[in-house]
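Written below as structure tokens is the structure these notes are about.
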Amino acid sequence: MKTMAGKTCSRFTNHTPLPQGPHVVGATDIMIGRTKDGTLMRLYYPSKLTDLMSHTEKWTPWFLGEEYTRGLASFIAPSIPSLFSMLFNWQMRGVATPAVWGAPVTDRKFPVIVFSHGLSAHRSIYSTVCTELASHGFFVAAVEHRDRSACASFTLNETGEKEYMLFKTTPLDMKEYELRNQQIKIRVEESIRALNVLEMLNEGKVKNELSSDFDLQQLHGHLDLTYPIMTGHSFGGVTAISTLAKDKRFKVGVALDPWMFPIKDEVDNIGPNVTQPLMCISTEAFQSIANLQAMGKLNKTTTEFITIKGTVHQNQCDTPFLVGHIGRVFVGASSPLDPQTAMDINNRLMLNFIAKHIGGKELQSKCDLFLDTWQSSLDYGLYRNRKPYLKSKL
């Protein structure tokens with residue numbers, strides 16, 4: 001399968017990988033409350049539509065705006081922010097996520113997933129993971145954090161105008177742990193609020209502060225809140241772990257390459273409190289002794305560990321599909337394993353584990369068949385020989 005556009009339209013030049021599940025995915029942005037104490041999310045969901053490729057003109061723009069690029073440049077390319085921004089904006093303006101913007105919501109009822117993004121990321125950069133999950137019958141709320149760990153985000157002032165907040169670098173008079181530990185506490189509360197919002201959406205009780213033609217009443221009664229699932233990548237992975245420890249409404253968790261640093265002094269207390277089924281899916285390059293030791297303090301009776309061989313940290317987000325070979329080298333996204341294969345394995349591991357714990361036997365069986373062919377690329381357990389740790393860019 002081609003990961004970029006095999007079929008383009010006048011509006012877009014490229015797209016991220018096509019979701020492979022049976023449902024055509026829809027997408028919309030939702031803001032509940034205008035301040036940073038509210039919730040901003042991109043909701044991916046199964047729609048009523050039956051043909052994704054006949055709606056390419058209405059696919060979701062991946063690019064969120066120049067403000068997001070400026071925040072990302074301050075993290076990835078602080079020495080050349082203007083050059084990075086110019087190239088990034090040029091490359092990303094024509095990229096689409098293959099989810100139909102504002103598509104009518106399915107008539108069926110499906111489970112919910114909350115997804116927490118990584119450091120310097122945003123609500124769009126995990127679209128490949130989120131659309132794949134949604135295409136298999138999940139409402140996926142990709143939260144955009146307002147703790148200034150995102151490359152950018154925004155609130156609305158009294159007149160409805162956007163007020164942006166950009167990525168916060170570590171102040172000279174503060175240790176990074178202090179900042180990240182402060183941020184993860186905010187992130188956990190934002191993840192919990194996201195589930196609260198999903199509950200209110202299911203009850204038909206909330207108003208979208210963003211200008212939108214999407215009627216939130218379509219969601220009324222269609223969200224199955226029996227088994228809420230908490231997921232995330234990197235900083236979002238440890239956010240997922242910490243949220244599971246605090247809010248037991250979440251019944252299952254998946255942490256992609258969890259970056260344990262923000263809770264390194266608290267993991268002895270947080271780890272044992274994760275009593276829900278949890279899978280940690282690691283990439284081979286994102287391994288350090290300190291991170292592995294912290295992961296080892298998670299509840300061993302409820303946590304499974306698995307590593308995808310030949311992968312790097314960026315294989316669990318959109319980055320490898322957005323840039324060419326030189327770009328992948330620049331941002332640390334070049335991997336021995338083909339990016340599409342790595343993403344397929346990652347997504348099937350997620351779906352398999354989730355289905356196993358919420359009663360989705362048919363989906364689990366399909367994932368098992370796929371994963372059986374890739375067992376040589378999987379390493380089960382936590383402590384094995386690893387390649388040197390690569391610094392995270394998310």
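Note: Cβ is positioned from N, Cα and C throughout, glycine not excepted.
The shown structure was predicted, so the numbers you read here are calculated from the model rather than taken from an experiment.
TrEMBL has this to say about the protein:
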ACT_SITE  S234  active site, nucleophile
ACT_SITE  D257  active site, charge relay system
ACT_SITE  H313  active site, charge relay system
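Per-site Cβ counts within 10 Å over the active-site residues S234, D257, H313 peak at D257. Reported as a whole number, the C-alpha separation between H313 (active site, charge relay system) and D257 (active site, charge relay system) equals 7 Å. The two recorded residues, D257 (active site, charge relay system) and S234 (active site, nucleophile), have Cα atoms 5 Å apart.
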